[in-house]
Amino acid sequence: MEQNGESRLKEPLLPASSGASPAGASPRKERKTRKVMFSVRGISCASCAVSIETVVAGLKGVESIQVSPLQGQAVVQYRPEETDTRTIKEAIEELNFEVDELQEQEIAVCRLRIKGMACTSCSESVERALQMVPGVKKAAVGLALEEAKVHYDPNVTSRDLIIEAVEDAGFGADLISSGDDVNKVHLKLEGLNSPEDTKLIQTVLETTEGVNHVEWDTVEQTIKVAYDPDITGPRLLIQCIQNAAQPPKCFNATLHSPPKQREAERNHEIRNYRNQFLWSCLFSVPVFLFSMVLPMISPYGDWLSYRICNNMTIGMLLRWLLCSPVQFIVGWRFYIGAYHALKRGYSNMDVLVALGTNAAYFYSVYIVLKALASSSFEGQDFFETSAMLVSFILLGKYLEVVAKGKTSDALSKLTELAPETACLLSFDKDGNTISETEISTQLLQRNDVIKIVPGTKVPVDGVVIKGQSHVNESMITGEARPIAKKPGDRVIGGTVNDNGCIIVKATHVGSETALSQIVQLVEAAQLARAPVQKLADKISRFFVPTVVVAAFLTWLGWFIPGQFHLYPKHWIPKAMDSFELALQFGISVLVVACPCALGLATPTAVMVATGKGASQGVLIKGGNALEKAHKIKAIIFDKTGTLTVGKPSVVQTKIFSKIPLLELCDLAAGAEVNSEHPLSKAIVEHTKKLREQYGSHSDHMMESRDFEVHPGAGVSANVEGKLVLVGNKRLMQEFEVELSPEVEAYMSETEELARTCILVAIDKIICGALAVSDPLKPEAGRVISYLKSMGISSIMVTGDNWATAKSIAKEVGISQVFAEIDPVGKAEKIKDMQMQGLTVAMVGDGINDSPALAAADVGMAIGAGTDVAIEAADIVLMKSSLEDVITAIDLSRKTLSRIRLNYVWALGYNVLGMPVAAGVLFPFTGIRLPPWLAGACMAASSVSVVCSSLLLQLYKKPLHVEDAPRPTDGTDLV
């Protein structure tokens, strides 16, 4: 059972998060690892990279090394107590390479939940506070997500100091996760009766191999353990705790599921705003009735006019008493927010609300006190303005929080895909099943063997080792058809097994699964700020001061003309004077302005769009990629694996010498076996099938030495003492191999059939050729046509020959073709097009297209499912269908349109609302906006922007392509 897919067990389904701590970093053993990056000159080919990796990997203390020949860089992970950067550098220099640059870095990452942010000014203040902390390299704060992601140097600062900086800025902060708890388990402990027991358990766990960190919660009697999944797992940790007890004591540990922090805090915030609103209504509604309703209903309201002392009435006193709790208890949050904002030198919505309510409240107090002291003074109080204003703003915040919670619905659904339990199999020494145990999915460990029956979900990522079935992966990749699975195939956690029983070996568990990586990728995307957000950021810097000045000018603009009787006296409502009318206009301007709507216009739309995209198999890495995608005017497609199915096969062979066919293929496969290129794999597979036809069932290929990849040309190697060249015409020309007319004719004939001709030369003599065919994807033609209708031009860039490239391009409808180009050349072509002012996207299969994906304005990795080169791409298309290229661009366009609509509404509301609140219409129509109604309008504007973003949940794919039967070719021998 071990051999099926065994070579692929260690390959990650998705690359590990950049925040992950190195495996085995154990505090008790001080085995911290560090990463160093060298810039190396003189790397000319893959063999140079291999030689560097071999030498450096052999040094004591070096855990891993990766060398990029294209970028001329080497990244080394090492243990500082066993080696240092100088030793590593000298080892590379001894191989006659020049090390120009030495850059050492140790960066930790933590995510924080930020409480109390109301608008863009708040998020900017938190970001500034974080960036001012010594040792913080980068900080990103998401307003809609209410999170911050901080990259920092752990040698300079700590998580506690970072949290303290946020709290000093006037906001709450809780740690969500850090780099050292990527793989962690929460355990509930029973049987502990003394501090000695607690210390014993902690010591046992800390000395257990593979445990990185132990955190104890004495109140809940729970323990959080971060561990290395390559060494240990949850079940082994529970066993260690149980074994630590000495009779008669008995320790027990069970899996503890802490409440989902984000959901719990969201619900707490919703309840908090709801309760505050209800409490404010308890006082505000009577104030409103006593001031606006009952005085108009005689005789029911006459008692409010009874005088207590001088001109102070019962109504005044009741309104004062009822308004004060709303102003200073329920509304205290606005004072706190305004204080911290002004303390840090910026202004936000809380400043506007505090100014407006204070102006109304304290002017009303002045009226009451003057009425109390004078028997002739008559004035109108505005207590209802202050109380109703606070109530409406709290109602708006309550509705806004409820709506914002729905923006992450798609992400929540993804996190809930994994099943709660799994069926674990146990085996005897002979490999026979001896038991089946149902356990929690969180207790699964790497290399566990699990049984998945029809109709159940796959609990974790793994490889099928027995059985066949079809698996529905639509919830992860968006692929509508169930995918056939057989031994050696991978399965993804959260997908549904349709019709067969399969036995799966777990390869990735916990936070390493594809599902967890997708969720982390989307969460990171939602934190990334879109360039279009800069408009709101710029406006927010001067928005509140401008509103305060406008409110003051409005007051002056009405008060001074009123004092000099420059407008008719009948404009002033009864029981008011010119000062009070001017004050009401000024307060209305203060509270009608809404910076929150501007701040929420972009992040809420990005949150909904990235979540919706993820549910359809399109992973968009942040607002920057989302915004750039809508500007795309040209798309460059790779051929193999992108426009074609990506599973080439040898369909014809040709011999040009007396060498036997099997020997020719054996030598070619011996050279190609070390290459990951799809064409290389096709040759190796063809050789295996040919051996079976000749009665040989061995999978072992001939040994090769001096293996070298020639990008865009082929490979060379020494096989059985012979120089074997396998590649195209350019490779033969590089090695000065003569091409006879017979070879040239066969190449032309093959390429006209849209096949790739691979030449095989032995000791610089061409002995044969293999024709390889890779059928087109059935949807390719329709997708290219649809892109044309969207105003986007399609270009094909491939390393294949011109004849094959032109034939494929003609079949799908692409007019512009560049052939025989190596990976670096593809990147150069992209840069040439960018110089012409075009926004260029690159669609590649993530195998050898990383330089081009990185060079493009928008890189889209397609076709390899969860094996895509995520680091290089801006957008990851989980399934191999080209229709998702259109989905990504169309979703981007719809999102940007929605963001613009949000801005039009938010800006338009402020542009129109402030003049109306200032009384521009009052002289002509008699219409004015009372402060309490202005506050209601402000609350409604934020809610409307969030609801507008939520409409993106209704997004539908613009193109659905039905799968057509794919052509197959037989293999001919010529």
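Backbone N, Cα and C define each Cβ position, glycine as well.
Among the features that TrEMBL reports, compositional bias 'Basic and acidic residues' is placed at 1-11.
Among the features that TrEMBL reports, compositional bias 'Low complexity' is placed at 12-26.
What TrEMBL lists as domain 'HMA' is 34-100 (among others).
Look at TrEMBL and you will find 108-174 (among others) tagged as domain 'HMA'. Across the domain 'HMA' (108-174), DSSP classifies residues as 22 helix, 24 strand, 21 coil.
Per TrEMBL, domain 'HMA' is recorded for 183-249 (among others).
Summarising the annotation, TrEMBL assigns region 'Disordered' to 1-32.
Feature annotation from TrEMBL assigns transmembrane segment to 277-297 (among others).
Long-range contacts of the transmembrane segment (317-339) within its own chain (CB-CB distance under 8 A, at least 6 residues past either end) are made by residues 116, 118, 170, 276, 279-280, 283-284, 286-287, 290-291, 304, 308, 348-351, 353-355, 357, 361, 364-365, 368, 381, 383-384, 386-387, 390-391, 394. Annotated transmembrane segment per TrEMBL: 317-339 (among others), in sequence order.
Annotation comment: TrEMBL describes 351-373 (among others) as transmembrane segment.
Per TrEMBL, transmembrane segment is recorded for 385-403 (among others).
Per TrEMBL, the feature transmembrane segment maps to 542-561 (among others).
The transmembrane segment feature in TrEMBL is assigned to 581-602 (among others).
Counting only same-chain residues 6+ beyond the ends of the transmembrane segment (903-926), those with a CB under 8 A from a CB of the stretch are 535-536, 547, 550, 554, 557-558, 567, 571, 585, 588-589, 592-594, 597-598, 601, 934, 937-938, 941, 944-945, 948. Summarising the annotation, TrEMBL assigns transmembrane segment to 903-926 (among others).
The transmembrane segment annotation in TrEMBL covers 932-952 (among others).
In this chain, the transmembrane segment (277-297) lies out of contact with the transmembrane segment (351-373); the count of Cβ pairs under 8 Å, excluding pairs fewer than 6 apart in sequence, is fewer than 3.
The average pLDDT computed for the domain 'HMA' (34-100) is 79. Counting only same-chain residues 6+ beyond the ends of the transmembrane segment (581-602), those with a CB under 8 A from a CB of the stretch are 118-123, 143-144, 348-349, 352-353, 355-356, 359-360, 363, 382, 385, 389, 393, 400, 404, 529-530, 532-533, 536, 539-540, 543-544, 547-548, 550-552, 554-559, 562, 571-573, 623, 899, 902-903, 905-907, 909-910, 913-914, 916-919, 928-931, 934-935, 937-938, 941-942, 944-946, 949.
Between the transmembrane segment (385-403) and the stretches 277-297, 542-561, 932-952, it is 932-952 that has the most C-beta pairs under 8 angstroms. Non-local neighbours of the transmembrane segment (277-297) in the same chain are 304-305, 315, 318-319, 322-323, 325-326, 330-331, 381, 383-384, 387-388, 390-391, 394-395, 398, 932; each lies 6+ residues outside the stretch with a CB under 8 Å from one of its CB atoms. According to DSSP, the domain 'HMA' (183-249) comprises 22 helix, 20 strand, 25 coil.
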